[in-house]
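Asks: Found this in TrEMBL, in case it helps:
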type     : residues                       : note
BINDING  : Asn106, His111, Glu116         : oxalate binding site
BINDING  : His109, His111, Glu116, His162 : Mn(2+) binding site
DISULFID : Cys30-Cys47                    : disulfide bond
DOMAIN   : 61-216                         : domain 'Cupin type-1'
SIGNAL   : 1-20                           : signal peptide
Amino acid sequence: MAVRSLISVLIISLFSFTYASDPSPLQDFCVAVKDDEAKVFVNGKICKNPNMVSANDFFFPGLNKPGNTSNAQGSKVTPVNVNQLPGLNTLGISLVRIDYAPYGLNPPHTHPRATEVLVVVEGTLFVGFVTSNPADPNVKNKLFTKTLYPGDVFVFPEGLIHFQFNVGKTDAFVFAGLSSQNPGVITIANAVFGSDPPINLDVLTKAFQVDANVIKYLQAQFK
């Protein structure tokens, strides 16, 4: 009986992990209500009255237009998630367009709730992701990289740190699909050095094993 109970627990746990993602829809659609119009808070978005739904709730224009890459990173992400396209609510999918100036970078970041699959439309990109911490403390996190050209596809597993860098002398852009209506993004440098309030200086100097002045300099870049 003990063995059977253990097997039952393992099966239940396996099914729990299998469905540990965006919820499966239980109706044709659940068009999101804007946060400032919602009367309750839920994990996701509450549904618009189906009788008030229109085709525009499933429509987003403009992904043919390049994003403005005039910034320090030389890149621009244009998201189409549930906040821009309410009809995505409960469907477990979203989309982005990413534009890169020559030598533009989409800096190391993670999507805590989504796997990302990227297709290059124009340009040449150097992309990569880093594995999570190995069980053996003597083994380093492994880096996977690839140079991509138009028509190439690359996937970044859910939650892992990844990046894209335009190694060409011309503009580049991609489309990417993500396995969540609201994948989230954590840009590593911004989160670590630009948090509000700042992370304690002693914590960062010990974590990065550098002088406090280096940390102060890095924090100043994100004020």
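Glycine too: its Cβ is placed from the backbone N, Cα and C atoms.
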Asks: Taking Cα-Cα distance, which of the recorded positions Cys30, Cys47, His162 are within 10 Å of Asn106 (oxalate binding site)?
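Replies: So the list reads His162.
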Asks: Averaging the per-residue pLDDT over the domain 'Cupin type-1' (61-216), what integer do you get?
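Replies: Over the domain 'Cupin type-1' (61-216), the predicted model scores a mean pLDDT of 97.
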Asks: Of the recorded positions Cys30, Cys47, His162, which one has its Cα closest to the Cα of His111 (oxalate binding site)?
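Replies: For His111 (oxalate binding site), the closest Cα among Cys30, Cys47, His162 is found at His162.
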Asks: Based on Cα distances to His162 (Mn(2+) binding site), point out the closest of the recorded positions Cys30, Cys47, Glu116.
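Replies: The answer is Glu116.
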Asks: Between Cys47 (disulfide bond) and His109 (Mn(2+) binding site), find the distance joining the two CA atoms and give it rounded to the nearest Å.
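Replies: Taking the Cα atoms only, Cys47 (disulfide bond) lies 31 Å from His109 (Mn(2+) binding site).
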Asks: Which one of these binding-site residues, His109, His111, His162, has the sparsest Cβ neighbourhood, judged by other Cβ atoms within 10 angstroms?
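Replies: Relative to the other binding-site residues in His109, His111, His162, His109 has the fewest Cβ atoms within 10 Å.
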Asks: If one looks at the chain holding Glu116 (oxalate binding site), which residues at least 6 apart in sequence have a CB under 8 angstroms from its CB?
Replies: Val155, Phe156, His162, Ala176, Gly177, Leu178, Ser179, Pro183
Asks: Among the disulfide-bonded residues Cys30, Cys47, point out the residue whose Cβ has the most other Cβ atoms within 10 Å, with all shown protein chains included in the count.
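Replies: Ranked by Cβ atoms within 10 Å, first place goes to Cys30.
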